[in-house]
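Peer 1: Below are the structure tokens for one structure; questions will follow.
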Amino acid sequence: MLQMIWFRTDLRVQDNSALAAAMGSGPTVALYLISPAQWLAHDDAPSKVDFWLRNLKNLADELGKLNVPLLVRHADDWSAAPQVIAELCQQLQTSTVHANEEYGVHESRRDQAVSEALDELGITFTSHLDQLFFKPGSVLTQSGTYFKVYSQFRKVCYQRLHSALPTVLAPPKAQAQLAISSDAVPEQVSGFATPSETLRQLWPAGEAEARRRIDDFAAEHIDFYQSTRDFPAKPGTSQLSAYLAAGVISPRQCLHAALSANQGEFDSGNPGVVTWINELLWREFYKHILVGYPRVSMHRAFRAETEALAWRNAPIELKAWQEGRTGLPIIDAAMRQLLATGWMHNRLRMVVAMFVTKNLLIDWREGERFFMRHLIDGDLAANNGGWQWSSSTGTDSAPYFRIFNPLSQSQKFDPDGRFIRQWLPELVGLNKSNIHNPAAMGGLFGIADYPAPIVDLSKSRSRALAAFKSLPHFAGTEAP
Ligand SMILES: Cc1cc2nc3c(=O)[nH]c(=O)nc-3n(C[C@H](O)[C@H](O)[C@H](O)COP(=O)(O)OP(=O)(O)OC[C@H]3O[C@@H](n4cnc5c(N)ncnc54)[C@H](O)[C@@H]3O)c2cc1C
């Protein structure tokens, strides 16, 4: 009986649970849905949609080598998915549809609706664990609830990994040719502008590129990850996030590459490897949070007591931040990196997010949305987790009184100003002591087109502390 694999954010043929299950059960066709209205509603960035399409094209070639035809259908938003899939399955006489689990509320509802529509036709819908090492709901506290604290979650993950390490699946074997031809993959989808060629070249599509990145990172950089990962001017991190988010590489493939650089150890041995695997577990943690506490994927704060915070409505300051014109070089350089490349270094994501939510006291949801609209690696769970961590509204988040000072972060993590000079050419002539805070030179630096800081860091810090302390939950608490 004909099987179908419905690809979503799992755009690869290697180590793909649903593809392996489908091909192991019978002749298989593949499906991908183009859903522009849904993508717009989810604030998916044009660079990310372009990355999906480029990877889809690559995937079609890889599937071609396996004789699996790829069908591309349109379902403007996911409410149309059940009908589109049901009709196609009837037309092809498909017995089973396989898909890899996705964890947002909308994704779960979509899959439920598709499953029910297929069920009425006697077609089976099966979903597979693929994006994560552990199924959400399988890593719980002793009282049976989802963890809220990362270190406790990680401890249980380590125990599980010790007892049963997830394995990488064998490469799929080609099936006999089917009398079904593949559809062309669109170059572009209306509503999503094609990004610049420079941006595209930073993120080449395809499993081979993802493999090259992980191999290079494991061979050359992972050993030094712990000491280099916080310095945005250094190539200290894997730059795999876009590939992981689109599923061009699996977390299992990443885990095994890291383990082989550390004699199979994940919680001892090389500290670089251990630290990097911990990041894969942060990714895991936030996806479990999404399922355990679905309010976070519905624009609600994880900590309900912070919902009453008096965020400021400050559109001019928000725009200055979005455009990299705050007058604080590290913030502006980071935002320009985001706008030009679709990616931002993790240390800087934390610094700019704290700046928005604490120094500007602007609602974290504004920043979350703007990031999502520009990140090539935009991922609901990680992005929401990162924003709610920075704004002290999330699970296991930064305490509200620990507010990063952008100037000291800049001096510490970009000591020579190399990163700032790369993104702010107007400051290229400043030496390494002045570049972090040109305003301190009292207008003597003669750079006409670089703005004065839009906010006083010390006063705005006090304003943020006061806003948090005015919440009943935090009343009477003091910064240590
Ligand atoms: C405000 C904010 C927003 C963020 N938004 C996203 C997002 O939309 N998509 C996204 O993938 N990551 C997001 N992150 C997490 C992190 O910044 C990126 O995953 C990382 O910078 C990607 O670069 P890399 O691949 O070189 O990471 P590496 O340091 O090489 O880490 C390896 C992988 O681990 C995962 N990872 C690393 N750090 C985290 C983390 N803190 N939380 C969850 N997963 C992590 C990523 O998949 C990453 O590719 C955000 C962080 C913050 C503070």
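Quick reminder: no glycine exception, Cβ is built from N, Cα and C everywhere.
Automatic prediction, not curation, is the source of TrEMBL annotations.
Positions annotated as domain 'Photolyase/cryptochrome alpha/beta' by TrEMBL: 1-133. Annotation source TrEMBL lists FAD binding site at TYR225, 237-241, TRP276, 279-286, 377-379. As annotated by TrEMBL, site 'Electron transfer via tryptophanyl radical' applies to TRP311, TRP364, TRP387.
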Peer 1: What does DSSP give as the helix, strand and coil breakdown of the domain 'Photolyase/cryptochrome alpha/beta' (1-133)?
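Peer 2: Grouping H, G, I as helix and E, B as strand yields 66 helix, 30 strand, 37 coil.
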Peer 1: Would you mind sorting out which recorded positions among GLU284, TRP311, ASP377 put a C-beta under 6 angstroms from ligand 1?
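Peer 2: The ones that qualify, in sequence order, are ASP377.
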Peer 1: Specify the nearest of the recorded sites TRP311, TRP364, TRP387 to TRP276 (FAD binding site), where nearness means the distance between Cα atoms.
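Peer 2: The answer is TRP387.
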Peer 1: Which of the recorded sites TRP311, TRP364, TRP387 has its Cα nearest to the Cα of LEU281 (FAD binding site)?
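Peer 2: Ranked by Cα distance from LEU281 (FAD binding site), first place goes to TRP387.
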Peer 1: In angstrom units, rounded to an integer, how far apart are the Cα atoms of ASP377 (FAD binding site) and TRP387 (site 'Electron transfer via tryptophanyl radical')?
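Peer 2: Computed Cα spacing between ASP377 (FAD binding site) and TRP387 (site 'Electron transfer via tryptophanyl radical') is 15 Å.
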Peer 1: Taking the recorded positions one at a time (TYR225, TRP311), which has its Cβ surrounded by the most other Cβ atoms within 10 Å?
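Peer 2: Of the recorded positions TYR225, TRP311, the most buried by Cβ count within 10 Å is TYR225.
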Peer 1: In sequence order, which same-chain residues at least six apart have a C-beta under 8 angstroms from TRP387 (site 'Electron transfer via tryptophanyl radical')?
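Peer 2: Non-local contacts for TRP387 (site 'Electron transfer via tryptophanyl radical'): ALA353, THR357, TRP364, ARG365, GLY367, GLU368, PHE371, GLY394.
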Peer 1: As a test of reading the model: what is the averaged pLDDT for the domain 'Photolyase/cryptochrome alpha/beta' (1-133)?
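Peer 2: Looking only at the domain 'Photolyase/cryptochrome alpha/beta' (1-133), pLDDT averages out to 98.
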Peer 1: I want to verify one value. Collapsing DSSP to three states, which class is ASP377 (FAD binding site)?
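Peer 2: In three-state terms, ASP377 (FAD binding site) counts as coil.
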Peer 1: May I ask for the distance between TRP311 (site 'Electron transfer via tryptophanyl radical') and GLU284 (FAD binding site), taken between their Cα atoms and rounded to an integer number of Å?
Peer 2: 30
Peer 1: Would you count the other CB atoms within 10 A of the CB of TRP276 (FAD binding site), including those on all shown protein chains?
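Peer 2: A 10 Å sphere around the Cβ of TRP276 (FAD binding site) contains 27 other Cβ atoms.
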Peer 1: Using a 10 Å cut-off, grab the number of neighbouring Cβ atoms around the Cβ of GLN239 (FAD binding site), all chains included.
Peer 2: 18
Peer 1: Have a look around ASP377 (FAD binding site) and count the other CB atoms within 10 A of its CB, chains all included.
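Peer 2: Within a 10 Å radius of the Cβ of ASP377 (FAD binding site) lie 23 other Cβ atoms.
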Peer 1: Looking at the recorded positions LEU281, GLU284, TRP364, which sits with the largest number of other Cβ atoms within 10 Å of its Cβ?
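Peer 2: Ranked by Cβ atoms within 10 Å, first place goes to TRP364.
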Peer 1: What does DSSP call TYR225 (FAD binding site) in the simple three-state scheme?
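Peer 2: The three-state answer is helix.
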